[in-house]
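Participant: Sharing the record's features from Swiss-Prot:
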REGION    1-67  region 'Domain I'
REGION    68-146  region 'Domain II'
REGION    147-156  region 'Flexible linker'
REGION    156-204  region 'Domain III'
Amino acid sequence: MIAFLSGHLVAIEWGERSSLTVEVQGIGYRVKAPARFLKQLPPIGEPVRVFTHLVVRETELVLYGFGSPAERDVFVELIKVSGVGPALGLALLNTFGLPELVQAVVTENVRLLSLTPGVGHKTAQRLALELKTKLAHWRQGLENADRPLAGGPPPAIREEVEMALLALGYSLQEIQAALQALPSQPRPTEEWLRDAITYLSRQP
């Protein structure tokens, strides 16, 4: 298994191909990767390290690359779930990013998971059912995640607030930051929503 590649960035491809090429000792490795990761890469020609997972198919070998071992390991768990192949695994990481994806699975937020292109309600349910316990154990130690998403409202209220804020045009990253910043005292859904909007309106 190829655990990671360290070399120089040669090329980046966007869109459906969504990949990067890394030159290691004169050999170029094409690695499929989430667009979120591609946006974080250094300029062409600069050194880069990519954490990889090799998928063996009947006619080809495909390397998938990520910015951290934790992101790679979550991808490996995602593609073990029935109905979730590498393409959907990348789509999930593109839609949410690592901390938000783990939070959505652990809190069984099926509606949020279903926002991923290609992920229907049943697939989202399977993700939550099969990965909830495993990812819950990882939340505190995920490498390169922002901060643990353990605060904020309880799961049932969080789902309602998140969906309402998404409908208002806020990003998942903005929403998670707002909910984490609010005091964790019990309050109705309407108050969580109001306080989150107030917090977000004050951000630059």
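Numbers run from 1 along the shown chain.
Any Cβ shown, glycine's included, is placed from N, Cα and C.
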Participant: Across the region 'Flexible linker' (147-156), what is the average pLDDT of the model, as a whole number?
Facilitator: 60
Participant: Would you mind splitting the region 'Domain II' (68-146) into helix, strand and coil residue counts from DSSP?
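Facilitator: For that range the per-state counts are 55 helix, 0 strand, 24 coil.
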Participant: How many helix, strand and coil residues does the region 'Domain III' (156-204) contain under DSSP?
Facilitator: 35 helix, 0 strand, 14 coil
